[in-house]
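Down below is the structure, laid out as structure tokens.
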Amino acid sequence: MDVLERAVSGERLSEADLLALYDLPLPEVAAAAHAVRLQKTDPRVVTYLIDRNINYTNVCTVACGFCAFYRTKRQKDAYTLSFEEIGRKVEELMAVGGRRILMQGGVNPDLPLDWYLELLRYLKAHYPEVRVDAFSPEEILGLERLTGLKAEAILEKMKEAGLDGLPGAGAEILVDEVRLKAAPARIRSADWVRIMDAAQALGLYTLASMVIGFGEGPKERVAHLLRIREQQDRALSVHKNGFSGFALWTLQVENTRLKGKAPGATAHEYLRQLSVARLALDNLPNHQASWPTMGFKVAQAALYYGANDFGSTMLEENVVSAAAGHGRTHATVRQIVRHIVDAGFTPAERDPLYRILRYPDVEAILSEKEPLELPLA
Ligand code: SF4
């Protein structure tokens, strides 16, 4: 059997097998990835999540070369939101039926651990029905340095205060030579995996992610996927709590110091990588398409390259959009539903753990009057 037949039959692919996928015709790799997706998740359904992003502070000392979002604390537009301002954003989400916030910021040394714990308690006291998936391994590492505590202790306190999960940001490519060239102070691969492992041990939600376009080649991309697969094996067997899903997107460099220096990735590369990820990550059934970086149309095509999920509404996504320069900071439910239906699937609203919450009334949603595409700046 050739490598694609072996993948579709359920065999785990080796590093050499995965590298070979970059030399095969894309439609063949895509067909195998789609066949595996149809086996692993409900073949009729494409899921999506109603949520919002809240970026509680843009002050950050890590200064990644690919980030257009962060500010030093002396810059005029540096900010840290008050608990009340964050609360108002949660209320906006609840008004459109969402019950999950994804809250991330920079590594701001002026915010002590107690600030985070008080914020989590405030949110749980005022909005008990809203899930709080917040912070990233980079922010937890910043708190380790600030407090001298280990991630396990920090996350335990955060969980007690109301944290539901640690989203997957900051993985990029888990090969230090690649990540440190773009961001010398960035969290090292081993620390990213260590902190995710600590979160998984505590039963918190986690997501695996990947960003391509730094100039890395197939070898580094495969190394990243194998690192995620290995951690997922460990998390599932030891903690009985692995990554809920996998999200891949492309590097955005507009307004960043990497503009003109990093090659980024084309739609073709993105779609191939999505298919390779589906075939590599045999222990991770849910793969997201990325409308924020690829636009709705490529995201729609991604549903035939291994993705089974259209991502989330992301009301007020500020970080990727700042570096993309397209001004697309959210999607509406109508836009998501329309693209899923048009691609030939049944839309289903899910929670962050990919449990289906409801099947929306497609006819009613599609009859709403709002633009299908958000304007591009
Ligand atoms: S990507 Fe995150 S850690 Fe890096 S500079 Fe931006 S806010 Fe800071």
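Our numbering is plain: 1 for the first residue shown, then up by one each step along the chain.
A Cβ is built for glycine as well, from the same backbone N, Cα and C atoms used for every other residue.
Summarising the annotation, TrEMBL assigns [4Fe-4S] cluster binding site to Cys60, Cys64, Cys67. In the three-state DSSP reading, Cys67 ([4Fe-4S] cluster binding site) counts as coil.
Summarising the annotation, TrEMBL assigns S-adenosyl-L-methionine binding site to Phe66, Glu172. DSSP classifies Glu172 (S-adenosyl-L-methionine binding site) as coil under the three-state reduction.
Under the heading (3R)-3-methyl-D-ornithine binding site, TrEMBL lists Ser136, Ser290, Ser312. Taking Cβ-Cβ distances under 8 Å and a sequence gap of 6 or more within the same chain, the neighbours of Ser312 ((3R)-3-methyl-D-ornithine binding site) are Tyr48, Leu49, Ile50, Asp51, Leu102, Ala331.
TrEMBL lists 46-297 with the feature domain 'Radical SAM core'.
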| Near ligand 1, which of the binding-site residues Cys64, Phe66, Ser136, Glu172, Ser312 are found, taking a Cβ distance under 6 A to any of its atoms? | Cys64
| field | Alpha-carbon spacing, Cys67 ([4Fe-4S] cluster binding site) to Glu172 (S-adenosyl-L-methionine binding site), which is rounded to whole Å | value | 12
| query | Including all protein chains shown, what's the count of other C-beta atoms within 10 A of the C-beta of Ser290 ((3R)-3-methyl-D-ornithine binding site)? | reply | 22
| note | Ser290 ((3R)-3-methyl-D-ornithine binding site) and Glu172 (S-adenosyl-L-methionine binding site), compared by Cα position, are separated in whole Å by 14
| request: Within the domain 'Radical SAM core' (46-297) only, compute the mean pLDDT. | output: 96
| Listed binding-site residues among Cys60, Cys64, Ser136 whose Cα sits within 10 Å of Glu172 (S-adenosyl-L-methionine binding site) | none
| Long-range Cβ environment of Cys60 ([4Fe-4S] cluster binding site), under 8 Å and at least 6 residues apart | Cys67, Phe69, Tyr70, Arg71, Gly105, Gly106, Val107, Asn108
